[in-house]
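A.B. asks: Below you'll find the structure I mean.
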Amino acid sequence: MLYYLLKYINEVFDPPGLGVIEYLTFRASAAAITALLITLVAGPGFIALLRARFIEPVKEEAPPEHRKKKLPTMGGLLIIISVEVSVLLWAKFTDPHVWLIMLALLWMGVIGFIDDYSKVVLKVKGGLSARWKLVGQISLGLVVGIYTSMDPVFSVLMRETTVPFFKNLTIDYGIFYVPVVIFIITALSNAVNLTDGLDGLAAGSSAIVIFGLGGFAYLAGNVVYASYLSIPFIPGGGEIAVVCMAATMACVGFLWFNANPAEIIMGDTGSLALGSTIAVTALLIKQELLLPVLGGLFFLETLSVSLQVLYFKYTRMRFGEGRRIFLMAPLHHHFQLKGWAEQKIVIRFWIVTILLFLTSLMTLKLR
């Protein structure tokens, strides 16, 4: 809204310096600062409001030190509000790339909110069932997949994607495009949800990954850069960078209150929303196959859970008793039970995510 207002003032009155509103880098920076300020300013009051009623139930299967924590949940609402307001102010929200990402953020945010509300207020053990979460994820995947495959703005590019490390290699999804979209959205939203187990881990890791996607979006939206780097040119895709910067700094602002010792946790409201946002952003800029690199931490966390469950079932069937690969899954709890301090685990996992981000940048030239 502010973008359109300032653009109108610039066109009618032509004040000096206001033409900067047309620069993508300016609006991305403005959106980032706005999102950060909203989270920092609104955070204390928001925490007090949630603490009055929405306290996360303690999980008995959690490591001992986690059983003592009683924190307000649904903090993801603060992230969602910050991003939505910042994007409405600074992005061209008529751009379909923008509102598709905003739809993903809100859609899975609502699913996560229902889950958190069920656990905290309605006292439903386990919250929203996995089946209904899956319905929400599949529904979002269907909407995004069908819309992008039919709308002329997207349909030319969407069914094909590039392969990291290869210059001219593309994959045509064909009739499998919509199922691929559903799988990626479901996988990423669940992966970020699994990662959200230590103070600051999901927020910090998501900020790094979304920042990386924002960089790729900026390059993909510029025909010169896209051609030089042999990545798909996404007309109008540069607006995605504005959204990514807002989401990055909303996570950083949330981290101010979520860093150990946390005052609030994002809950499924935040983790499912951020995961779907990462997935849809990657799909729109045709970098979904880069996610195992850029978002490698999320995949490791998910893989640790899958391996633990499969190995336990196999050994129980083979030997009569279930055995474990890890002391506890997801992976961060394994290191916690090995005696690593929570802060050390989080910072080391951030470092791993930064290294994966740098590796993903290298793929631009290693083709």
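Keep in mind that glycine also has a Cβ here, set from the backbone N, Cα and C atoms.
Pulled these features from Swiss-Prot for this protein:
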type	residues	note
TRANSMEM	30-50	transmembrane segment
TRANSMEM	71-91	transmembrane segment
TRANSMEM	94-114	transmembrane segment
TRANSMEM	138-158	transmembrane segment
TRANSMEM	169-189	transmembrane segment
TRANSMEM	200-220	transmembrane segment
TRANSMEM	237-257	transmembrane segment
TRANSMEM	264-284	transmembrane segment
TRANSMEM	289-309	transmembrane segment
TRANSMEM	344-364	transmembrane segment
A.B. asks: Please tell me whether the transmembrane segment (200-220) and the transmembrane segment (169-189) touch - that is, whether there are at least 3 C-beta pairs under 8 Å between them, with each pair 6 or more apart in sequence.
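C.D. replies: Since fewer than 3 Cβ pairs under 8 Å link them, the transmembrane segment (200-220) and the transmembrane segment (169-189) do not come into contact.
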A.B. asks: Which range out of 30-50, 94-114, 264-284, 289-309 gives the transmembrane segment (237-257) the most CB pairs under 8 Å?
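C.D. replies: Answer, by Cβ pair count: 30-50.
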A.B. asks: Which one, 30-50, 71-91, 289-309, has the most C-beta pairs under 8 Å toward the transmembrane segment (169-189)?
C.D. replies: 289-309
A.B. asks: For the transmembrane segment (94-114), which recorded stretch in the set 30-50, 138-158, 264-284, 289-309 gives the largest number of Cβ pairs separated by under 8 Å?
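C.D. replies: The stretch with the most close Cβ contacts to the transmembrane segment (94-114) is 264-284.
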A.B. asks: Do any residues, 6 or more residues outside the transmembrane segment (71-91), come within under 8 Å Cβ-to-Cβ of it, and if so which ones?
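C.D. replies: Same-chain residues near the transmembrane segment (71-91) but 6 or more away: 1-3, 27-28, 30-32, 34-36, 38-39, 42-43, 46-47, 50-51, 54-56, 98, 102, 105-106, 109, 112-113, 116-117, 119-120, 203, 239, 242-243, 246-247, 250-251, 253-254, 257-258, 262-274.
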